[in-house]
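Colleague: Pasting the relevant annotations from TrEMBL:
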- 32-101: DNA-binding region (DNA_BIND)
- 8-24: compositional bias 'Basic and acidic residues' (COMPBIAS)
- 32-101: domain 'HMG box' (DOMAIN)
- 437-495: domain 'SIAH-type' (DOMAIN)
- 1-34: region 'Disordered' (REGION)
């Protein structure tokens with residue numbers, strides 16, 4: 001039996017048999033040490049003198065402590081000698097040392113609570129009555145969910161290209177805007193109706209909080225799963241399903257639990273189908289991405305599945321856009337097999353973003369022209385509608401319309417009649433009749449837009465329309481109108497709820513600790529601005545936004561100044577436009593004011609100046 005000594009000898013013999021090159025590889029490379037700082041130069045000199053003058057002290061602990069105390073008591077002029085010496089050594093090091101090769105950065109891992117597979121498992125166990133209850137609330141499209149997993153590498157790639165201020169994605173060299181209508185197209189959730197408000201007095205939801213054992217952290221997903229396992233399909237089931245869908249897929253936060261603030265819009269389950277879920281989901285997604293980028297949370301909240309499927313629908317990787325009918329909602333078109341095949345084609349092209357952007361009408365507003373008796377109710381003959389707006393479908397029996405879009409052209413097939421839309425004209429093969437291009441009124445016509453749009457030529461009008469709707473920022477007011485209409489509304493209905501100001505003139509402003517925002521209205525043009533206030537760990541975050549269409553090209557600079565004695569904090573930034581008051585803090589620059597800047601009366605005193613040039 002060999003002893004330990006024999007094994008050591010064998011190991012050394014094996015090392016001797018290695019070539020010199022292999023031995024070098026095993027040895028750690030010796031690199032030039034980085035030069036010391038001024039403190040190290042001082043401490044070396046001090047410790048040497050201290051040890052000579054204090055022979056009774058043993059070890060370096062006492063000498064190092066004395067050096068530290070001496071260094072702290074030295075003036076800047078006394079430290080300059082050592083700082084100069086350190087600078088000379090550092091300059092010599094930079095001129096002689098070889099350039100350091102930076103290590104490749106590891107790709108950050110995506111942490112998210114968005115889990116379509118968890119919701120998928122619950123959907124498979126629902127009874128017929130429960131499925132009917134889900135459809136009655138307007139969430140029936142989720143029953144067609146086929147995707148179980150997120151492609152995290154794609155979601156991370158999309159997050160890097162998400163523009164928070166403009167709510168768009170920069171892909172393939174183009175800016176692709178996102179809107180609530182896109183949420184409706186992809187997920188099948190309503191993009192019109194009343195705004196979803198998840199705030200209000202806590203006493204109104206205290207009973208619901210007790211019923212669901214809601215803590216400050218949230219509502220347990222396991223508790224909701226147990227409730228959904230029961231066969232009943234009443235209001236309790238509906239409320240639990242909406243909470244579970246929001247917490248696992250539609251609006252997950254950075255935490256594992258569901259936010260109890262959702263109880264505020266779940267008190268009356270009879271009006272759930274009347275809410276604008278598309279707008280709420282998109283606003284929450286923007287808010288969560290903003291918080292992630294600011295470093296406030298490690299995980300990314302929001303519906304990342306929407307971003308993933310939206311990318312699949314808007315980017316073609318087949319070289320040319322194949323002719324196939326658009327399925328609404330797109331959620332039902334993407335299962336695990338289809339996603340795996342799509343990812344394989346992305347890899348063959350060399351990665352994401354190598355395809356072609358499909359123009360807007362194909363995905364955002366599928367255009368359908370109906371003739372010869374196939375006219376849906378409420379849609380006049382010859383008008384152009386959208387699937388998202390009219391929600392009409394065609395059965396397999398009778399006249400069936402298939403609509404496809406190819407590089408700006410639309411091909412419709414009805415029975416045996418082929419209709420080709422090219423350059424604004426309609427050519428019917430069997431009829432041989434040329435029809436003038438069809439125009440439709442802008443969807444903002446109710447807010448004053450007089451334009452009629454030819455969607456085959458001017459697809460971007462509604463993105464840049466100055467009559468885009470804006471919402472009144474005050475709670476309890478449901479007014480929605482153009483920026484000009486909102487200005488007149490606020491002046492007449494809420495004249496005492498804001499603060500008037502003149503451009504280019506600073507004004508003093510005071511905010512109470514419980515005030516979340518203050519409305520500022522310009523005397524010259526009546527435009528509305530919001531002074532937003534949020535709470536951070538060490539103070540208050542303040543910024544100014546303009547209430548107007550997100551596509552507005554008007555830019556207003558502003559100054560925020562907060563003073564305390566001889567100290568002052570100042571922010572000079574640009575006020576971006578948002579069509580209302582966002583939940584949480586808008587994704588813009590902000591001024592962080594410590595709690596110590598509060599006045600003796602508990603108010604936050606500021607000086608505000610907004611420029612119109």
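Glycine residues also receive a Cβ, built from the backbone N, Cα and C atoms like all the rest.
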Colleague: For the domain 'HMG box' (32-101), what is the mean per-residue pLDDT, to the nearest integer?
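Modeller: Reported value for the domain 'HMG box' (32-101) is a mean pLDDT of 84.
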Colleague: Going by DSSP assignments with H, G and I as helix and E and B as strand, what are the residue counts for the domain 'SIAH-type' (437-495)?
Modeller: 18 helix, 8 strand, 33 coil
Colleague: Residue counts in helix (H, G, I), strand (E, B) and coil for the DNA-binding region (32-101), per DSSP?
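Modeller: Helix (H, G, I), strand (E, B), coil: 50 helix, 0 strand, 20 coil.
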